[in-house]
Structures are given as C-alpha cells and as structure tokens.
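According to TrEMBL, the features are:
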type: BINDING; residues: 13, 14, 15, 16, 17, 18, 19, 20; note: NADP(+) binding site
type: BINDING; residues: 107; note: NADPH binding site
type: BINDING; residues: 192; note: L-homoserine binding site
type: ACT_SITE; residues: 207; note: active site, proton donor
type: DOMAIN; residues: 352-430; note: domain 'ACT'
Ligand SMILES: NC(=O)C1=CN([C@@H]2O[C@H](COP(=O)(O)OP(=O)(O)OC[C@H]3O[C@@H](n4cnc5c(N)ncnc54)[C@H](O)[C@@H]3O)[C@@H](O)[C@H]2O)C=CC1
Ligand SMILES: N[C@@H](CC=O)C(=O)O
Ligand code: NA
C-alpha cells in the first residue's frame, strides 16, 4: 500500500511506439489521472536500450540500467513495453519479486511464460495486467477475466492482428503488393519489431492462446495453437475470394470441441462480404465471444498503433495504482481446468480448394471421386478456362469437414496426372 498522500510511482521500460505514447499521456493527463487514482501518478524513470534525447521526453528520466530501475524501492508499478522474451521476462520477474505491480503489452511473453509470470504474481500477491496484449485498445482481457467470468464461454473468434488485417485490406481495396502494404504497416507503428511475428501468424497465435486461456479457465501455450500466417496469400487468392463474394482475413478461433478438448487456431480464411468481420478495415480488430448465457458479443476497435495501445496500458496502470492505494490486488488468473488440446486434424471447417487441372473429359468426375473417398462433401464447384494451354481451374467449396480429410484429398489430387502444380487450400467462414 502506498503511504498517506504519496504518489504512486511508475517505471516505464521501453520507449518505442507504445512506450513513448504512454510517457506522453502520463504527463499530458496527469491531473485527470491523479483525480481518478486519488494520488498523483509519478513517472520516476524510463528504461531504454540506448541513451539520447527523445522528442517530448524529459531526458533526466532516461536510464540504460533497466534492472536497477525495476528494483528501485520507491517504484510501485512497472510498465513493460520492451517486447520479446528476454530481457523482458527477467525484468518482469524481478519487478514481481520486489513487490511491484506489472502492466505489460507483451503477448509473446505471456503466451510462452504465462504460467511462470502469473505463478510468481500469485506468490508475491501483486497484480499483472495485460489489456494491451490482445487487440490493442479494445477491452477484451478485462471482459473475459471479470465481466464474463460468471458465464460459460463456448467460442472466441476474431481478427486480432492489425498488421495482417491492414495488409490484406490494402491488397483487396487498392491492389497493393504484400511488400508495400507491410512496409506501410511498419511505418504506421502497427508491426512487431520483427514483422515475421505478424505475417507468419505468431502474434495472432500468442493472442489466441491468451484468449483461450481466459475463456476456458485453462493454460493454452503458443505451441498449442495451430497456426498459419498470410505469407502464402497471393493476388490469385485475393481474386478467388472476390469471385466467391468473400475477402481474406486472418482469423483466430478458440472453441470447445465435442469431446470437451479446446481447439485453438489461426488461419487465413475467406469471409463472405456480408459477414461483420469482412467489414473490419485497416488495423482495426474485432472479437466475437459466444457464451451460454449472454449469447453473442462483439468487441471492435483499433487493434494496433502507439496511441490506441497506450490507452489500454493506461487503463491497466490506473487499475493497478488504485489497487495499491487501497492495499489490495486484483483478480488473479483462474486456470483450474485441464481439458487438453484438440488434434488440429479433427477441427472442422468449410474449405475452398483451387485446383489447376488438365482440361479433359473425366477430370472433374475424378476430383469429385477423390473428395467422396475421404467423405468430404462438395457445396459448390466453379470451373474456368485458363487461356489456350489446355488447363482449367476448378474452384471447389466444401461443406464442413475435418481438416485431416481435406488434407488427404489434397495429397490424393496432387499425386494424380490430372492436377497441375499445387492445390491451394483456404478455410471459408459461414455467412
Ligand atoms: N505497436 C503496437 O501497435 C502494439 C504493440 N504491442 C506490444 O507492445 C510492446 C512494445 O511494442 P512497440 O512499442 O511497438 O515496440 P518498439 O520496438 O517500438 O519499442 C520497444 C522499445 O524497447 C526498446 N528496448 C529494446 N530492448 C530494450 C532493453 N533491453 N531495455 C530497454 N529498452 C529496450 C527498443 O529500443 C524500443 O525503443 C511489444 O510487446 C508489442 O508486442 C501491443 C499492442 C500493440
Ligand atoms: N503487431 C501487432 C501489434 C498489436 O498487438 C498487430 O499488428 O496487431
Ligand atoms: Na486489448
């Protein structure tokens, strides 16, 4: 508990896209924040990797001795905005061990070391808040951890990565190249320090692991997530989606399977234009939560960017500071359930297969036969001529089928003389 009228003292680690905005808000909104906490929020130091002036930041606050800042006795709340695993993990554990509350936006770390971090926080009876770690400014952690904790969540579905949504949106609406759209997303501050995490789906997978852990009161790790990014998405896929009245979105899906296990996946998916997720543009994110008693809820808003993400961080800082003033800690993680993870091959979806074939009699029948052999039911077929080279493209949309069965169909087709090149496979969301 902070004593008397003493300020709540805050140490900020990392002064990049998000950290610099947090520092700005702590200064610009100091009076309002003081009124809300009941004490001033005093920024006592900013841990940086390299010294030197930064626009709008008091240089006297900067230090490169980040661990010493974390361990300072007069610090109450540590905000970790460095990103990555180390040194962020060591610093967070040092903060917890020395009795500080922690606020972090670091989904990569929580999805891989959540058990260790939350266990340490429980042992030290301090708060760890992480609203900014999933879907940026959108309140989704607190609704799952607190507002919906009395309900039974059955699924969480959404767009949780701003960079990939920005790239796919630019490809659809402006015909931009993947590389140009990624460069723009980086310059706008949406991308991770290494954007591989975004485009390979790892960032969305980390967020899906965090969402599934909260939704199903369990511990889902990054390695439990069946993950596919958008690097394989071509202009041909974008055009195929448009022909079907769809847009391609990177969707994260967490659900309870029929046998009670939990399925968590991230996949580029064709979404019909009339579906609410199809209208989520730029770096916006949206998350649907479905629960037994509340029904369907939708959360939507900016999913990335310095200022929006800083908004979520400040919400957590105020909450942690209020708790310290009152000498209490907030709700811990409830990870009491051990349902196990569904084998990705058993997860059902609708699929779209784009198959380039020799344009000869009987080929379409043999494609249909391959699907029937693996019990994959066809919902629609579309065939088009490809120039004069003797090839045609068959686009097949399936009814719901287990991924393993569709994968077997693809292997079977690829091995035949009918098929030319690879078979493209994408999931299709229902309208
Ligand atoms: N940029 C965004 O839209 C969002 C970012 N996040 C998360 O917020 C965190 C920060 O992200 P950004 O601000 O975008 O990254 P950034 O790369 O702009 O900032 C990180 C800063 O930490 C500094 N740093 C690196 N190692 C350090 C060390 N050892 N000691 C002190 N400082 C060090 C870097 O020099 C850099 O200035 C990450 O965990 C990220 O995943 C979460 C939601 C949205
Ligand atoms: N790189 C992330 C940042 C927010 O979490 C994204 O693009 O969503
Ligand atoms: Na959020």
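In case you wondered, yes, glycine gets a Cβ from its N, Cα and C as well.
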Alpha-carbon distance [residue 207 (active site, proton donor); residue 17 (NADP(+) binding site)] in Å:
19
Of 14, 15, 16, 17, 192, listed as binding-site residues, which ones have a Cβ less than 6 Å away from ligand 2?
192
Residues in the domain 'ACT' (352-430) grouped by DSSP into helix, strand and remaining coil:
23 helix, 32 strand, 24 coil
Other residues near the NADP(+) site, CB within 8 A of the CB centroid of 13, 14, 15, 16, 17, 18, 19, 20?
12, 21, 22, 23, 81, 82
How many neighbouring Cβ atoms, not counting its own, are there within 10 Å of the Cβ of residue 14 (NADP(+) binding site)?
25
Measuring CB to CB from residue 16 (NADP(+) binding site), give everything in the same chain under 8 Å that is also at least six residues away in sequence.
81, 83, 193
Is any of 14, 20, 207 (recorded positions) within Cβ reach of ligand 1, i.e. under 6 A, and which?
14
Segment-level pLDDT (mean, integer) for the domain 'ACT' (352-430):
95
Could you find out if DSSP has residue 192 (L-homoserine binding site) as helix, strand or coil?
coil
